[in-house]
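Engineer: Take a look at the following structure, please.
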Amino acid sequence: MGRTAGGGGGGGAAAGAAGGPLPLALLCASALLLRLLVGLSPYSGAAHPPKYGDYEAQRHWMEITAHTPAAEWYTDGPHNHPSYWPLDYPPLSGYQASRGAAALRGGALTGDAAAVSWLHGRLVSAFEPQAVALGTSAGYETPSSKALLRWTVVLSDAALFFPAALLAARLLQPRGSGGAAARCNELFAAAALLLNPAHVLIDHGHFQYNCISLGLALGAAVAIAARGAHVLGSVLFCAALSHKQMSLFYAPAFFAHLLGRCLERPGAARKAAAVSVLGITVLASFAVMWAPYLGSWASLVQVLSRIFPVRRGLYEDYLANWWCVTSVAVKWKALASGPLLMRVCAALTLLAAAPSMAQQILAPSPQGLLLGMANSGFAFFMFGYQVHEKSILLPLLPITALAAWEPVAALWAPLAAAFSMFPLLERDGVGAAYAACLAIHAAVMLQLWPRGASGGKGRPAGEAWPDRALRVGIACGAAAAAVLHAVRITVVAPARLPWLHDRLAVSLAFVFVAGGMAYFNWRQWNQPHNGEISGSEKKKASDLTAARASGVDIYDVKFNIISPGADADIYFPHTDAERRLTSLHADLKELVWGAAEAPLAVSTLADPSKPVLFSMARLDRVKNLTGLVDWYGRSARLRAAANLVIVGGVLDPSHTGDREEAAECEKMHALIDRHGLRGSIRWIVAQKNRVRNGELYRMIADSRGAFVQPALYEAFGLTVVEAMACGLPTFATAHGGPSEIIVHSRSGYHIDPYHGDAAAELMADFFERCQEHPGQWDRISEAGLARIRAHYTWEIYAGRLLTLSSVYSFWKRVSNLDRAETKRYLEALYVLKMRPLIEKVPLQADTEEEAPLTPTSPQPKHFF
């Protein structure tokens, strides 16, 4: 669910707690403590001979890999019998077990063992090397060995999953987020990942090492989505696949996203080269990780037959997927043979994953990769062959990683996933830990609820119908789950239906899974801002700034920049009385200063005699209209000096399908109420008639008002040019194009949107100075008009374009260079000179936590 305004006390608590590294450190410490406490519970197969459970499987694999060469790990033998926990995970799991067991015996560590496995082995070897004695340690369950093996899972989590989770929480942020909001989002996402009850209960209760493969897969997603490191991400994903084969659930998403990125490259040769690089990376990665088994085809087949045990059947136990839930009515195992069912499962899985894959091939995006991981995970879980209960962790991981965009899903999906595994967890004896983990997760997530997000504390925002459907479904599902738990405790299942409670639980969980699958497929095709994340748009937008900072002179004659201008037939000075559209004045006066409100406006202006501080833009985070309202509300001087008129977006969040616009709409209402702005602000619904807007600018100028463009970043700033062309003194963001359009304190003013109080003081100074010295307003207005006439008209734009076209045609004629040679020259220039210089420039997000670029010239306190 999207982040929308209206969150209550939880957001404030998060904001207050999000300053500095201490909250994250406390969260990590709490997550580790939770894992240790859950580890005190029983585990899978505890004291249940002859095969015990997953704990014994992990211990037995250490026994096998410690005493036999790697080439024999997947071969049947007297101590490696296929009926007693054969190694059925890929080689990295064996390496992990092998190195840990080698240290158990006090042996030397060689080869490519991970440092975390070495640490596991060193820890246990100091106490109980007999825990992996070949042929004599089956069912070995001393209190000390159980505690030590529990610690190996905790250390694996801390070494691999925790860093990946913290990186994901830091780097996977909505576009335009920064400052306190970004820190709140980071803490909230970290809590969603680290306190995920399904993950904690399976790894530290049931006993598994899913944290390793999940950490590697999450690291791969962060590398690709947040940093565009496709090669590194491919290597990490290959490692995840080589540790646990269930990481295959993510393969369609990674394949589609990376293929889509390759197809974005210009020219067939570059597309083919990009695909080749990734193909070689994948092959080389698998060659290194699977080296002991690549000597013969028979050896490789033996490994694959172990890790894909198709003889086990369609599914095991009770799980919330299509095959298990519908088996009440259709006996799939009796209806069709195993090979036929495998083909049907493969076809349905690919069919379910196809829409997500198609979207990423056609329009790859950072958010899209994570949504694709969730959707392909759902497809495999719902329709795959030989799926386990714990496989629900696969679609759950990217959902929690997307917590900054999907806070409601990040809160409720882990609870639903844990509920889907309750029959398994109850058999393991971890019911008490289950209840505690769910309560802790819900309490912490609600306390850390991001500011401005709905669904936790505060009233819900208007949203698109899938959002509303999910919200209603969650409420009904939570109530139904509570009822089923109560019935399970108080009502004994009939003797002839001993499976009744388990069947009801997984059937309800199936509804959760199907609903989540539908919602996230819809969400993938409706990503805000084309699926960009914080930093991606900054990197694109800052290329010219980075080039200049690196020493590349973008004003050199070989760089030709043509700035657009304003249409002089629409945007002309307010003093040009003969051209004024007086027929519109009555309507516009009523629109700005009138008493009518909904559906056209919110609030009225109690004192129409005040000058108007005017802004007009889209209602989204980057345009920062809500930020402007907040600055205005906090500045008593500015409120006393001017009225604020905002034109942008919708007034009712239910009138838009854009989740970000709905969020900003809710936030705008909340800010108006919080600061008590009714009477000094008027918020008008978006106006799309350019001719009317031109006259609107001029009427604001008649009131001796000013225009403000408060965007966090603006690539050019066409509204700045339009306002100045109409004679309005203008305040505009210092980040991006307006910094070059305006000459600070001469033809307008630069403001820093990341320091709103200073910007508000600058605007208040201006209005107060204009009241004392009316000539100040005229001076800035005339200087702005002169600046536009000199540099930003359509006549100037057209003339420059024609001139450059003529110059290009001349040099093309006399140089005797064809297009292919010119293209090769330009590509070489970019690759050898331009790109290396740009890559050396640190991004703002890498060097400062929230500090924006400061204006190139200081903001003045005086105007003369």
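Just so it is clear, glycine is given a Cβ too, placed from its N, Cα and C backbone atoms.
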Engineer: Scan 369-388, 709-728 against TrEMBL and say which stretch is down as transmembrane segment.
Structural biologist: 369-388
Engineer: Give the one range among 214-241, 340-357, 408-425, 469-492 whose Cβ atoms make the most pairs under 8 Å with those of the transmembrane segment (504-522).
Structural biologist: 408-425
Engineer: Given a Cβ distance threshold of under 8 angstroms, which distant residues of the chain, six or more beyond its ends, lie next to the transmembrane segment (408-425)?
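Structural biologist: Tertiary neighbours of the transmembrane segment (408-425) are 1, 188-189, 192, 196-199, 201-202, 205-206, 317-320, 389-390, 392-393, 396, 399-400, 402, 431, 433-434, 437-438, 441-442, 445-446, 453-456, 470-471, 474, 477-478, 481, 501-502, 505-506, 508-509, 512-513, 516, 519-520.
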Engineer: Can you tell me the mean pLDDT for the domain 'Glycosyl transferase family 1' (606-768)?
Structural biologist: 92
